[in-house]
Amino acid sequence: MWLANFFVSASTTMIVPFLSLYIETLSSFSNGFVQRWSGYVFGITFLMAFLVSPFWGRFGDKRGYKKILMATGTGIALSIFFMGFVTSVYQLFFLRMAMGLVTGFIPTSLAMISAQTPKSSAGKTLGTLQMGQVSGSLFGPLLGGMLADRFGFTYTFFITSFVIFSSVLLVLFGVKEKHLAEKTAKRTSYSRKEVLSYIFHHPALWVMMLLTMLIQTGNFSIQPLLALYVNELHGPVNLAFFSGMAFSATGLGSLLLARKWGDLGDRYGHRRILIGLLLAASFFFIPQALASSLSVLLVFRFLFGMAMGGLLPCITAAIRVQAPGSIQGEVLGYNVSFRFLGNVLGPLLGGIISSHFTISATFYVTAFLFFAGACMLWIMQKLRKDSYAKAS
């Protein structure tokens, strides 16, 4: 599963650094048009994924996660393959929309491994799995940038599609899902309404889901614009490659500490680690807005990645601890929905802010989002401590 996550993450991030550059080649557009449509094309995938992911989650509970992994992987591969043939931004938008219907390979793999992991070691295990995704996101943008500069965008789409389909074969022949029949036999069937009611009556769960949305909104607000920002700092020479470096710097930082943050969360509490990581992420975004050179941007993208690497594994582990086993799969599925919602809102937010102000302004707004997330989690912690004190 680690290898499959690595290949899928590497392949999908191969096309991200030059997506806005690809739009520019489709016609003669203004900068504002490219910035807006970079956000739209980037975000529509995750809007569709947000709408359909609860159905994938329920299907996984009933039929198994492996089938979802194979279906989503094949769909992603086909969608990216046909992107190499588009002649307009609207065709690209439609294919990204179709891709959203089957996007969810990596979140589904996290849900599958989480459901089969003891709660006491959930953070460390998910952090290890996260390293596969992060490793792929580290090498993917660099490889995609080099391929795009050398062979062009079209062949890069074809290569990406082939690698993702190889991951599907890896899951088919190399992954064995444990159905845990002895546990599922004791479970009670809950309706979707009952599961939602449970979530809404347990703040520890829905606050974590809101945090997932905030984190993804902040992280994805700048990603479609990063190539344009690198162009402002460095110029057009080998732009796809240096844009890939900016993406990979974040991945390298995450790779170094993803497993460590999960381990610390298991030992000292996931919420405590999350507050520190959110504050650090907020702090490291501000210098990116003030960067005067590509090297400065790369340094702080790397530092941001060190904080970012532990956020989603700690949140998933915290939900894993809080949710009863009988509804755990579906609860994690709703968290995936909030994750995709953040993936939708982020590019839209970044595109709107950058087109009306500057790309630098997007960094400031993102820093505020991470800071707000830390404050929200701290307030929840304080309220829980006060309620425990009154009860005792």
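Just so it is clear, glycine is given a Cβ too, placed from its N, Cα and C backbone atoms.
Database features (Swiss-Prot):
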- 2-23: transmembrane segment (TRANSMEM)
- 38-60: transmembrane segment (TRANSMEM)
- 73-95: transmembrane segment (TRANSMEM)
- 153-175: transmembrane segment (TRANSMEM)
- 195-217: transmembrane segment (TRANSMEM)
- 237-259: transmembrane segment (TRANSMEM)
- 272-291: transmembrane segment (TRANSMEM)
- 297-319: transmembrane segment (TRANSMEM)
- 331-353: transmembrane segment (TRANSMEM)
- 357-379: transmembrane segment (TRANSMEM)
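Of the ranges 73-95, 153-175, 195-217, 297-319, 331-353, the one with the most Cβ pairs under 8 Å to the transmembrane segment (237-259) is 297-319.
Among 2-23, 38-60, 73-95, 272-291, 272-291 has the largest number of CB pairs under 8 A with the transmembrane segment (357-379). The stretch with the most CB contacts under 8 Å to the transmembrane segment (331-353), chosen from 2-23, 38-60, 73-95, 297-319, is 38-60. The recorded stretches the transmembrane segment (153-175) and the transmembrane segment (195-217) do not share 3+ CB pairs below 8 A when only pairs 6 or more apart in sequence are counted, and are therefore not in contact. Contact count against the transmembrane segment (2-23) (Cβ pairs under 8 Å) is highest for 73-95, out of 38-60, 73-95, 195-217, 297-319. Listed by sequence, the residues of this chain that lie at least six past the ends of the transmembrane segment (297-319) yet keep a Cβ under 8 A from its Cβ atoms are 110, 114, 122-123, 126-127, 129-130, 134, 204-205, 208-209, 211-212, 215, 219, 229-230, 233, 245-247, 249-258, 260-262, 264-266, 270-271, 273-274, 277-278, 280-281, 284-285, 287-288, 291, 331-332, 335, 339. Beyond the ends of the transmembrane segment (38-60), by six or more residues, the same chain brings 16, 19-20, 23, 67-68, 72, 89, 92-93, 96-101, 103-104, 107-108, 111-112, 192, 220, 223-225, 228, 329-330, 332-334, 336-337, 340-352 to within a C-beta distance below 8 angstroms of the stretch.
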